[in-house]
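Swiss-Prot has this to say about the protein:
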| type | residues | note |
| --- | --- | --- |
| DOMAIN | 22-274 | domain 'Protein kinase' |
| MOD_RES | THR27 | phosphothreonine |
| BINDING | LEU28, GLY29, VAL30, GLY31, THR32, PHE33, GLY34, LYS35, VAL36, LYS51 | ATP binding site |
| ACT_SITE | ASP145 | active site, proton acceptor |
| MOD_RES | THR264 | phosphothreonine |
| REGION | 297-376 | region 'AIS' |
| MOD_RES | THR350 | phosphothreonine |
| MOD_RES | SER351 | phosphoserine |
| MOD_RES | THR363 | phosphothreonine |
| REGION | 480-531 | region 'Disordered' |
| COMPBIAS | 480-500 | compositional bias 'Polar residues' |
| MOD_RES | SER481 | phosphoserine |
| MOD_RES | THR483 | phosphothreonine |
| MOD_RES | THR485 | phosphothreonine |
| MOD_RES | SER491 | phosphoserine |
| MOD_RES | SER503 | phosphoserine |
| COMPBIAS | 511-530 | compositional bias 'Low complexity' |
| MOD_RES | SER519 | phosphoserine |
| MOD_RES | SER522 | phosphoserine |
Amino acid sequence: SWRKMATAEKQKHDGRVRIGHYILGDTLGVGTFGKVKVGKHELTGHKVAVKILNRQKIRSLDVVGKIRREIQNLKLFRHPHIIKLYQVISTPSDIFMVMEYVSGGELFDYICKNGRLDEKESRRLFQQILSGVDYCHRHMVVHRDLKPENVLLDAHMNAKIADFGLSNMMSDGEFLRTSCGSPNYAAPEVISGRLYAGPEVDIWSSGVILYALLCGTLPFDDDHVPTLFKKICDGIFYTPQYLNPSVISLLKHMLQVDPMKRATIKDIREHEWFKQDLPKYLFPEDPSYSSTMIDDEALKEVCEKFECSEEEVLSCLYNRNHQDPLAVAYHLIIDNRRIMNEAKDFYLATSPPDSFLDDHHLTRPHPERVPFLVAETPRARHTLDELNPQKSKHQGVRKAKWHLGIRSQSRPNDIMAEVCRAIKQLDYEWKVVNPYYLRVRRKNPVTSTYSKMSLQLYQVDSRTYLLDFRSIDDEITEAKSGTATPQRSGSVSNYRSCQRSDSDAEAQGKSSEVSLTSSVTSLDSSPVDLTPRPGSHTIEFFEMCANLIKILAQ
């Protein structure tokens, strides 16, 4: 949902503009609707790119009616080679789109500085770009301004397509009449003012990008614009001798003047040059994607995000109205799940770039990680235990014996909301240490002792978060670590139980003060020993983890 600023639309922070939790910095670029600035999280230092859309310009272009639902859908886009939209902040004068920031700069600048890429590297980047284009086309979004300036590179030289954000949703029979984009990359039908449907113009632009990767120059270029237009409309371009004949045939098919004869994504995917060394995760297969079965979880998520009824969504699906934003959102959710599953399998079997999923890190010692949204930015360290914001202030803290984790590319707030929902469903009690750090406990009905664990959300990289499960052995460890209140009663009464009222919870907190000590002493002087057997705490911890993971996976 769009977040409204409660006070002034722009707040000053030490002379700098602040939007939400982000301090705006240098301008990264200027577009049709406004500027793109780098933003830095005021607490963590995490960088984002903030696109500023001027409401007056949006009104003048008559796109107010569709931009809200379109942006809502774009927030669902999750693809390893498309810049992600994290958050939208709305003010009376502007709309701020908080997006993924990558450090490698534009592909355009890289080519200008380093010249053409070798064939293998060109193919690798082109495969990534086409995968992103295909993902958006299947969800009724056309870019219309693909060019090396809109392809960004991350720290590992992987492609990230930017600026899908303001493209129109495609509809059958609805042609995109707006001639936009850079002439050098524009298809003949665009510059000549003819009607065009959308996907085919992205294919042309992708062909120009492929040529630039392989040759270091543009296929159509001239300082005199009328001459440039003639070259594009003639479709004749120079092919250097060093080019592979196979890739020349692909380029000629993609840069076909007649859009009806131009290559489709299916044609490109089946081309022998493109298929070589193609990672499976870029085009995952899913036999259930076109299934007529309705996914209840996806249906529920669409209703929550769009504040609509199930009947509205089902009506779009049953009527096969695939262009409706509700239907697009539904298929996006299912598609995201499919892509993540396929990508996980791929990355477990290969050595992937660090920029996507990072599941291979699970087999190595913990790398440096930065906690998300904590009160301070700690020094770089090497274990999850040391990175706990409270524990880091204390020396000699014993490392937890166990840690488990779930990785996700969802937004941090969404992850924690799902975690709290699952905890509530399991009837566990929990205490909020900070919005991204919870302590959870479950009472053993036999021994009346509590099994306790902590849940901490960590940021692994700019796209991935790790929900860390840690066993809490005893109250003494908690008190020393600074994560619990020194008084037992204070610690207990701060736990939340969804089944009780506040007064009931307070009464339970007082009575539980005794039961907390029952793990080491009996409730009275009788010889009954309720001390858990060695290892039982570990077993109960794993049971808690398993129950929670099962709910989260539903």
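We number each residue from 1, going along the chain as drawn.
Just so you know, glycine gets a Cβ as well, placed from its N, Cα and C.
The structure, with features from Swiss-Prot marked on it.
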residue : record                       : CB count, 10 Å
THR27   : phosphothreonine             : 11
LEU28   : ATP binding site             : 18
VAL30   : ATP binding site             : 10
GLY34   : ATP binding site             : 18
VAL36   : ATP binding site             : 21
ASP145  : active site, proton acceptor : 23
THR264  : phosphothreonine             : 14
What is the pLDDT of the domain 'Protein kinase' (22-274) when averaged and given as a whole number? 83
Expressed in Å to no decimal places, the gap between the Cα atoms of VAL30 (ATP binding site) and THR264 (phosphothreonine) is 31
Give me the CA-CA distance between THR27 (phosphothreonine) and VAL36 (ATP binding site), in Å, as a whole number. 6
Inter-residue C-alpha distance, LEU28 (ATP binding site) and ASP145 (active site, proton acceptor) (nearest angstrom): 18
For VAL36 (ATP binding site), what is the secondary structure by DSSP, using just helix, strand and coil? strand
